[in-house]
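J.: Take a look at what TrEMBL says about it:
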TRANSMEM  31-57  transmembrane segment
DOMAIN    48-287  domain 'G-protein coupled receptors family 1 profile'
TRANSMEM  69-89  transmembrane segment
TRANSMEM  109-127  transmembrane segment
TRANSMEM  147-164  transmembrane segment
TRANSMEM  196-219  transmembrane segment
TRANSMEM  231-251  transmembrane segment
TRANSMEM  271-290  transmembrane segment
């Protein structure tokens, strides 16, 4: 039976977000600024992730096992943008969380579900690339059943660890400046702390370890075989993006859990939240630009049919031909 206490309309830690006289943690201007910043991330995230999904549905050539994980990430990132992103823009524009206790729980659950699924998918992509390039198990190809299995596991894993707060183990609560919700990192009750520690271990530490181990092996193989540095740069870019987006959030959460008496400024607590949510726009940019298949179809879709790379190639070809004509025999 679901714990009915989670549907109380009164935030249990509202004093954390408001001063002794009931003042808000930010000025009206501050909230509007946060709304604008979040809108600048959310708008492109919705557009780019929707593009990945749409062009995949439009073109059968993209429906390949190696691209399934990328599409799954686009679905998860779109879900994060549509729930956490859009609601953050609205709530910051209003200057408070206006959806009540039930809305807080539902938003916290949805954003966490999509966010952890995206993280698990990054780990799946890391494993896929490591197996394809390094071949630790020999000539085993990444097939449809492997992709579907990995995608199913990512959603099941995320759902398994985000459901407990709905049944009393852990809870979803306001975070940062009080305009979005997430697992409650601040509650010092042992029952809640045990959930947060388990959640951190299996939903962040495990995917992080898989990503680091897979990319370390991939980098070692690439450097050993003296492959193009462009490949190595792509790997470094994806790892750095992951670290920039998620490490501050996870680090702050663990710092608060291990130091329950520490007082974190609400604005300081908000920055890592927004960095984590910003990954929804970095991910599609990276794999649209670095994946030739998606780039071939996604860029013309976004530019209403124009293909800048084709134009450049044609221009270079014309230049070469003209140079050949005028060059002496």
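Even glycines carry a Cβ here, placed using N, Cα and C.
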J.: Assess whether the transmembrane segment (31-57) lies in contact with the transmembrane segment (271-290), where contact requires at least three Cβ pairs under 8 Å among residues 6 or more apart in sequence.
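T.: Judged by the Cβ rule, the two regions touch, with the required three close pairs present.
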J.: Are there 3 or more C-beta pairs under 8 Å linking the transmembrane segment (147-164) with the transmembrane segment (69-89), counting only pairs at least 6 apart in sequence?
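T.: Yes, these stretches are in contact.
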J.: Cβ under 8 Å, sequence separation of at least 6 from the ends of the transmembrane segment (271-290): give me the contacting residues as numbers and ranges.
T.: 34, 37-38, 41-42, 44-45, 48-49, 51-52, 70, 73-74, 77-78, 80-81, 84-85, 88, 111, 115, 118, 122, 175-176, 180, 182, 234, 237-238, 241-242, 244-246, 248-249, 251-252, 298-299
J.: In the predicted model, what is the mean pLDDT computed over the domain 'G-protein coupled receptors family 1 profile' (48-287)?
T.: 87
